Amino acid sequence: MKAALDLKPTLSIKTEKEYEAYSCSDMECADVPLLTPSSKEMMSQALRATFSRFTKEQQRLGIPIDPREWTDMHVREWVSWAVNEFTLKGVDFQKFCMSGAALCALGKECFLELAPDFVGDILWEHLEILQKDSKQYQTSEITPAYPESRYTSDYFISYGIEHAQCVPPSEFSEPSFITESYQTLHPISSEELLSLKYENDYPLGLLRDPLQPESLQGDYFTIKQEVVTPDNMCLGRISRGKLGGQESFESIESHDSCDRLTQSWSSQSSYNSLQRVPSYDSFDSEDYPPAMPSHKSKGTFKDYVRDRAELNKDKPVIPAAALAGYTGSGPIQLWQFLLELLTDKSCQSFISWTGDGWEFKLSDPDEVARRWGKRKNKPKMNYEKLSRGLRYYYDKNIIHKTAGKRYVYRFVCDLQSLLGYVPEELHAMLDVKPDTDE
């Protein structure tokens with residue numbers, strides 16, 4: 001296959017109709033930068049939401065559920081699907097000429113060498129999800145009492161799923177695959193779909209309610225899909241379901257992968273906002289079955305941190321790990337890391353607020369890149385690669401470059417609703433002086 005010369009980062013989520021028209025021969029592969037805080041950024045989470053469509057592809061092509069059982073052709077079909085689904089460019093298919101068992105045995109570091117930056121992260125994330133799902137599928141002893149259709153999900157979900165605001169479920173009819181992309185039914189961007197992920201991958205100490213019984217963490221149930229219209233779909237809609245006459249299991253009704261589309265928003269108005277940053281959980285407890293305890297109460301990130309520890313003057317006001325746990329973004333993302341540095345007084349020599357709202361300056365961009373590389377275990381990270389991730393934020397209305405000022409950027413998403421801080425409050429806490437440099 002002819003390698004693409006244009007490596008400009010691109011990422012798009014195709015609708016189901018576009019997916020049907022997909023031809024492997026028309027496909028080229030690609031380079032995808034960090035995901036964003038509109039719903040979060042780098043590999044975080046609705047990987048399940050977008051990757052769920054691979055279940056249909058597995059059914060169509062007869063690809064085994066367990067990736068360790070894949071042949072060389074299965075591996076190629078999987079990579080081809082991902083390339084088409086995300087409009088990736090820059091992937092060398094020859095590097096993936098191996099069996100599924102060999103692919104899974106590579107380990108993360110070796111696997112990431114097979115694809116360009118960020119593309120490898122996406123593929124690895126999906127491969128891990130597929131392996132976990134196959135284990136759950138093999139160990140489950142629950143047999144559905146209803147006939148499964150061709151597109152009935154093989155996935156499982158746990159009580160550990162984040163809660164979502166729901167509307168009353170429709171009555172169950174024949175299992176049906178939702179043919180419209182989630183993106184076509186809601187004003188949600190592609191990176192929001194990609195930013196959801198397993199709770200099993202989150203820092204357990206940050207996400208689990210200490211009062212929640214451990215026994216609930218390991219309970220899994222099969223998903224029963226229902227016919228859902230756009231009018232009654234919601235983000236990661238959860239409801240009570242029945243399986244073989246047994247009540248009180250949780251099912252996702254809009255899409256088998258919506259178990260990660262449960263990111264909530266700090267206010268109802270933010271549903272209609274183009275600059276949205278999700279809060280971790282802003283829904284009422286009555287939206288959930290009484291058997292499922294909530295992870296935490298409502299509140300901003302400020303409340304979330306205050307409930308867990310007193311602020312230490314020698315530590316960042318906004319630790320990236322805590323912010324990742326609060327938003328449910330999984331791995332720490334670039335925007336979260338930048339906020340950590342910006343709220344750490346010891347880092348003001350190389351990155352700091354300018355004193356003008358959410359604007360900040362990289363006084364030493366190489367040092368920022370070095371620290372980001374150290375945090376992500378990528379020793380080859382440099383400012384050129386870091387800036388590629390920042391540029392990806394421009395079109396997403398997450399971060400903008402300030403015109404006429406070198407290395408100066410501004411958060412343009414709604415950080416105030418997410419964090420619970422106004423910029424002036426953070427500036428005062430950090431003794432920020434207005435930047436007089438032109």
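Note that the numbers count up from 1, one per residue, in the order the chain is shown.
For all residues, glycine too, the Cβ spot is worked out from N, Cα and C.
DSSP labels the residues of the DNA-binding region (332-412) in these numbers: 35 helix, 12 strand, 34 coil. Swiss-Prot lists 332-412 with the feature DNA-binding region, giving sequence analysis as the kind of evidence.
Annotation source Swiss-Prot lists domain 'PNT' at 49-134.
Each residue in the region 'Activation domain' (128-240) has a pLDDT score, and their mean in this model is 44. Under the heading region 'Activation domain', Swiss-Prot lists 128-240, citing similarity to another entry as support.
The annotation region 'Helix HI-1' is assigned in Swiss-Prot to 301-309 on the grounds of similarity to another entry.
What Swiss-Prot records for 320-327 is region 'Helix HI-2', and it gives similarity to another entry as the kind of evidence.
For 415-419, the entry in Swiss-Prot reads region 'Helix H4', with the evidence type similarity to another entry. Mapped onto DSSP helix, strand and coil, the region 'Helix H4' (415-419) counts 5 helix, 0 strand, 0 coil.
The region 'Helix H5' annotation in Swiss-Prot covers 423-429, and the record cites similarity to another entry as its basis.
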For the region 'Helix H5' (423-429), the DSSP helix/strand/coil residue counts are 7 helix, 0 strand, 0 coil
